[in-house]
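K.L.:
In case it helps, Swiss-Prot gives these features for our protein:
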- HIS200: active site, proton acceptor (ACT_SITE)
- GLY31, ALA32, SER33, GLY34, GLY35, ILE36, GLY37, ASP57, ASN117, ILE140, ALA141, ASN142, MET251: NAD(+) binding site (BINDING)
- ARG104, ARG110, ASN142, ARG176: substrate binding site (BINDING)
- SER33: O-linked glycosylation site (CARBOHYD)
- LYS78: N6-acetyllysine (MOD_RES)
- LYS91: N6-succinyllysine (MOD_RES)
- LYS165: N6-acetyllysine (MOD_RES)
- LYS185: N6-succinyllysine (MOD_RES)
- LYS215: N6-succinyllysine (MOD_RES)
- LYS215: N6-acetyllysine (MOD_RES)
- LYS296: N6-acetyllysine (MOD_RES)
- LYS301: N6-succinyllysine (MOD_RES)
- LYS307: N6-succinyllysine (MOD_RES)
- LYS307: N6-acetyllysine (MOD_RES)
- LYS314: N6-succinyllysine (MOD_RES)
- LYS329: N6-malonyllysine (MOD_RES)
- 1-24: transit peptide (TRANSIT)
Amino acid sequence: MLSALARPASAALRRSFSTSAQNNAKVAVLGASGGIGQPLSLLLKNSPLVSRLTLYDIAHTPGVAADLSHIETKAAVKGYLGPEQLPDCLKGCDVVVIPAGVPRKPGMTRDDLFNTNATIVATLTAACAQHCPEAMICVIANPVNSTIPITAEVFKKHGVYNPNKIFGVTTLDIVRANTFVAELKGLDPARVNVPVIGGHAGKTIIPLISQCTPKVDFPQDQLTALTGRIQEAGTEVVKAKAGAGSATLSMAYAGARFVFSLVDAMNGKEGVVECSFVKSQETECTYFSTPLLLGKKGIEKNLGIGKVSSFEEKMISDAIPELKASIKKGEDFVKTLK
């Protein structure tokens, strides 16, 4: 039922080329010079939904901004370099996207990124809490299962926490699930929608194939293999790139899809549904990804898990201890900060 509410996968990207009097979102990308940041910034610049695009990084942002600024779309682009320029980058923003951080290399898990990326995310979100406390915060930086609790705790410290405006971007898991199911069934991937719940690492990634639109069936061995491929798809890319990075282009696409859906909802479009890792009461985990109905002020309604198969139910049970540990790790990290 939940997946029936969601529009087909590529609709948000297609819709970003529509026209509306409200297409004036001010979006900031923090980590704009990186492997995800550059293609993400390109996709955002290409959208008429965006009127102002501010780019931040600790290196190369003036060049990235100059390059993008020549593109014949309306979004005004400006680059900001280094911590002293971050406040100006954030002022007046409606949406902040954070792909900043170090990428995975072969043999690394998303959790191996924790020590470096936790500090980066805590620093950037503290600036957001100070300079654009009302903005929607979309965190791409891994491990998302920990960086979202970090973001929440930082906002609490600054007294501006709103759980309806902090999102862990798990959209790439949905994009991959849609693609892989479509490949196996000979379908158009743009017409497939698979909700993916849980978290954004390994076995915490739980594709609900039983809720796929259109309905699909797989024998158990194929279903197990498909689920495993969705869960380890990021590692598949890391290995294929052989040390030259992780999933950047597909992640940029997924990040843009989420931002466009969010801006559509902020503009008053009804029925916009995306999965995201957020503060949640759906399970015993304090954060959990489920389909969300988005609205003008962020999360309008958590649509929950819905009806699942016994195979999916077991995956949820198996994921909870790992998710709880990752969440606690993020929360504990913020306690160590001055």
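Cβ atoms are placed via backbone N, Cα and C, with glycine included.
Tell me about the surroundings of these features in the structure.
P.N.:
DSSP assigns HIS200 (active site, proton acceptor) to coil in the three-state reduction, placing it in neither a helix nor a strand.
DSSP assigns GLY31 (NAD(+) binding site) to coil, not to a helix or a strand.
Here the Cβ of ASN142 (substrate binding site) has 28 other Cβ atoms within 10 Å, regardless of which shown protein chain they belong to.
Around SER33 (NAD(+) binding site), the same-chain residues six or more apart in sequence whose CB sits under 8 Å from its CB are LEU55, ASP57, ALA59, HIS60, THR61, VAL64, listed in sequence order.
Other Cβ atoms within 10 Å of the Cβ of LYS78 (N6-acetyllysine) number 19 in total over all chains.
Sequence-distant neighbours of LYS91 (N6-succinyllysine): residues of the same chain at least 6 apart with a C-beta under 8 Å from its C-beta are HIS131, CYS132.
DSSP classifies LYS165 (N6-acetyllysine) as helix under the three-state reduction. Sequence-distant neighbours of LYS165 (N6-acetyllysine): residues of the same chain at least 6 apart with a C-beta under 8 Å from its C-beta are GLU134, ALA135, MET136, ILE137, LYS297, GLY298, ILE299.
Counting only same-chain residues six or more apart in sequence, the Cβ atoms lying under 8 angstroms from the Cβ of LYS185 (N6-succinyllysine) belong to VAL216.
Over all protein chains present, the Cβ of LYS215 (N6-succinyllysine) has 9 other Cβ atoms lying within 10 Å.
In the shown protein chains, 10 other C-beta atoms lie within 10 A of the C-beta of LYS296 (N6-acetyllysine).
Other Cβ atoms within 10 Å of the Cβ of LYS301 (N6-succinyllysine) number 11 in total over all chains. Secondary structure at LYS301 (N6-succinyllysine), as computed by DSSP, is strand.
DSSP gives LYS307 (N6-succinyllysine) a coil state; it is part of no helix or strand. Other Cβ atoms within 10 Å of the Cβ of LYS307 (N6-succinyllysine), summed over all protein chains shown, number 11.
Taking a C-beta cut-off of under 8 Å and a sequence gap of six or more, LYS314 (N6-succinyllysine) has no contacts in its own chain.
In the three-state DSSP reading, LYS329 (N6-malonyllysine) counts as helix. Taking a C-beta cut-off of under 8 angstroms and a sequence separation of 6 or more, LYS329 (N6-malonyllysine) has the following same-chain neighbours: PHE114, SER146.
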K.L.:
Starting from the Cβ of HIS200 (active site, proton acceptor), draw a 10 Å sphere and report how many other Cβ atoms land inside it.
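P.N.:
HIS200 (active site, proton acceptor): 29 neighbouring Cβ atoms within 10 Å.
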K.L.:
Check the DSSP secondary structure of LYS91 (N6-succinyllysine), expressed as helix, strand or coil.
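P.N.:
Coil, per DSSP.
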K.L.:
Counting only residues 6+ away in sequence within the same chain, which have a CB under 8 Å from the CB of MET251 (NAD(+) binding site)?
P.N.:
ILE36, LEU40, PRO99, ILE140, LEU172
K.L.:
How many angstrom lie between the most widely spaced Cα atoms of the substrate binders ARG104, ARG110, ASN142, ARG176?
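P.N.:
Greatest Cα separation within the listed binding residues comes to 18 Å.
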K.L.:
ASN117 (NAD(+) binding site) has how many other Cβ neighbours within 10 Å of its own Cβ?
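P.N.:
Summing over all protein chains shown, ASN117 (NAD(+) binding site) has 24 other Cβ atoms within 10 Å.
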